[in-house]
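Student: What TrEMBL lists as signal peptide is 1-34. The domain 'LRRCT' annotation in TrEMBL covers 149-198. Taken from TrEMBL, the feature repeat 'EAR' covers 201-243, 247-289, 293-340, 342-391, 395-438, 440-482, 486-528.
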């Protein structure tokens, strides 16, 4: 009896155990279900259905849009900026309309991650530009609507013109609101060639802690060097390029007295340097590669060269020459010729004129005739004089002068598309740019130049510059405008009492050396900037 009762109780307990088990299991399931993240609810500023969301009067892009939406519309909202990854977490989004808002700025990665996006509309906002590559990664895009914006068609929008040219997406016609030359023009009709987006500038690179008068560059033994004349220390300082530190460093020097010009000339494989001094005479040095130093090999006759101011080297019919402009009352501007062993006096051009500068150039009488060698001498006592080379006599003969150009301190030449121009420097009055017309130089442009002692044309790659120094104000850098056929203001440099500007090219790097009579010698790097990048 007792055993039978126990057996019945054991049988009755089985259902109770099962119920308890299922209750525990259900409880566990409920707890597990409670740990799953809840699906994002529709933001308060939006109206959502299963596949669509409409957002109005929002102050920013909401971050809790349901992830399964296929179509998303923003209209009449107050935010004006859309940041990166604004629509992250919407992998199924196919249609995105951001229309009739006041959007002024969109970040480059705003639409990142929208790989399913087919249709994008940014119509009727206040966009003036779009960041480059904003559509990158939107591989499914078939329609883009950008109408109703105020696009400024400058270099920042050049990428869009390029993108429109090769995209497979359909893009509604859009128009430029600026600049004035492109106003109301279809952006779709523009070409990348319509944008001039490459600009240049001279950026300060290095300061050399000494004054200088003249700077020259030369190639020797497969390397590039710079030589600087220091009047107060009396030295010719030679610099070489440090390929590791990417700066210029001292290489060697020639010590003298009140040095004004250190002019290098390489004949075959031998380097010579003509050192012009105000006191102690002028000399010629030779680079001894075995001793690894400069050795004086020749004195320049002191009776002719008393106060040298400028030196030019040139080559005519395989013969090397140099000419010294002498600025003393009793000196002679003299040409010297290399005879295989040294330089010897070849011709004295004139005496008593106090020449300040000499420039060698080649010009032709007519487009059909060959260019012939000429010299232009600038003087404090007369207008610039032009000398022409006589092939028969192997001498320069006085040809003419440049009229109405008194008080010219120096003349430097340059060429543009075969035409020869000169820059004339005046300390008082206007400096000038003139063009060779076949029989004379003709006025092209005037530049105010109070206190100027250097007006140097320079060509760097395809850029033609002219740099006008001043003892009383900033140095003005001009850039040649091919359409206007004249120089336009480009940049200002702060150089104290500049005396020369020299272009130095090393390993595809371009530098501008600026000598200073009262301050440090300065080195600028020529930088090319792409505004469309």
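Positions of Cβ are set from backbone N, Cα and C atoms, glycine also.
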Student: Need one number: mean pLDDT over the repeat 'EAR' (486-528).
Tutor: 96
Student: Using a Cβ cut-off of under 8 Å, list the residues of the same chain at least 6 residues beyond the repeat 'EAR' (486-528) that approach it.
Tutor: 198-217, 224, 226, 228-229, 231, 241, 243, 248, 433, 444-445, 447, 453-454, 456, 458-461, 465-467, 469-471, 474-480
Student: Using a Cβ cut-off under 8 Å, which residues of the same chain at least 6 positions beyond either end of the repeat 'EAR' (395-438) come close to it?
Tutor: 310, 335, 347, 349-350, 356-357, 359, 361-367, 373-376, 378-380, 382-389, 444-459, 464, 466, 468, 480, 482, 485-487
